[in-house]
Amino acid sequence: SSSPRSAKLLRALVLSPMLLVAQSQAFQFTSRRWLNLQEYQSKKLMSDYGVRVQRFFVADSANEALQADKRLNAKEIVLKAQILAGGRGKGVFNSGLKGGLAEQMIGYNLATKQTPKGGVKVNKVIVAEALDIARETYLAILMDRSCNGPMLVGSPQGGVDIEELVASNPELIFKEQIGIFEGIKDSQAQRMAENLGFLGPLKNQAADQIKKLYNVFLKVDPSQVEVNPFSETPEGQVVCFDAKINFDDNAEFPQKNIFAMDNKSENEPIENEAARYDLKHIGLDGNIACFVNGAGLAMATCDIIFLNGGKPANFLDLGGSVKEAQVYQAFKLLTADPKVEAILLSIFGGIVNCAIIANGITKACRELELKVPMMVRLEGTNVQEAQSILSSSGLPITSTIDLEDAARKAVDNVSKK
């Protein structure tokens, strides 16, 4: 089954050497600026554009699942838990079930290798017509910065963890660069179908499905369309048995209906609270909070904390258009996190006014009675005024020379405890 992790790996594969992932020996994280649809939502979108998927209904109770079974009137059905994680077929429910009965799936937590240890609560299941699979392949379409356009990525070995295949058998990964103006050519779709191992009439059928998937890619503005497995049945049909469609936040304006599908039920509560104030919060497992503006600076800040012997607890991104109230709410979120033992605030004031940040900091420190040490590194617009505000505040705020100095002092403060 596909997953956010495998999706990111493939993005890194085609975007190389421009990596989107900040990594170290201690942790690996990617800024979650993506809307990840549930499988049933992705399949519905694909079906709307003529892509062949199994007949299915969605149920959020055992009774609804039973009704869906009757409506399908299929020889055999399959139930699929709907959570944003791969490896669901090998997962275990806290009801003791390893798959099969809706009443032991809905309302229970499913743990896979890609979920937290306690698993994720299943609120919905897909009730789908079961089809036999003769052969499984892998197919994805995603944006490639190196060619400034879409890339078709496929492998004749599907239904497996794609990241493992990339590492063990890179020769089984095939790519087709698609011209952003010309679109996908018949010859490219045919060549990919052939590389995936489709023969005879199945080759034309697979090529047609590939072109329809590219049409989905054009129409709904995703960052990635992934199908694993993209398979053939013994009856001679090419079917998308699983689906994942991911979106960058930049697609929100033209695709409001799609973004309205995001119920955020699997997000951490602190992420949803941060979103209320146009903040982005990413939880990590250390004890030094990163308070920054911009995902690139956040990754650099996390890396420099690690290089100085510390571990980041999170990063909280203020973004570009910062208001004083946002700074206050950001501090409120960080101080409510029990694992935070120090805060490193790193702001580069290009379009951000450092004085606004400084006023927000002093107000938050006074009203929230900040009890953990805070290191502040400010650069850019109005930085002298900002430094004056902080130095005259009388608050226990440590100003730093640069990011390296800020990280070193944050780690030192935590180490003393």
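The backbone N, Cα and C atoms fix where each Cβ goes, glycine too.
Listed in sequence order, the residues of the same chain lying 6 or more apart from Leu131 (GTP binding site) and placing their CB within less than 8 Å of its CB are Gln54, Thr233, Gln237, Val239, Phe241. Sequence annotations record features per position, and here TrEMBL assigns GTP binding site to Gln54, Gly87, Arg88, Gly89, Leu131.
The Mg(2+) binding site feature in TrEMBL is assigned to Asn228, Asp242.
Counting every protein chain shown, the Cβ of Val352 (substrate binding site) has 21 other Cβ atoms within 10 Å. Residues annotated as substrate binding site in TrEMBL: Asn293, Gly350, Ile351, Val352.
Per TrEMBL, the feature domain 'ATP-grasp' maps to 43-259. Within the model, the domain 'ATP-grasp' (43-259) carries an average pLDDT of 89.
What TrEMBL records for 1-26 is signal peptide.
Glu76 (site 'Important for substrate specificity'): 9 other CB atoms within 10 A of its CB, across all protein chains. Sequence annotations record features per position, and here TrEMBL assigns site 'Important for substrate specificity' to Glu76 (among others).
In sequence order, Thr233, Pro234, Glu235 are the residues near Asp132 (site 'Important for substrate specificity'), counting only same-chain partners six or more apart with C-beta under 8 A. The annotation site 'Important for substrate specificity' is assigned in TrEMBL to Asp132 (among others).
Among the recorded positions Glu76, Asn293, Gly350, Val352, the residue whose Cα lies closest in space to that of Asn228 (Mg(2+) binding site) is Glu76.
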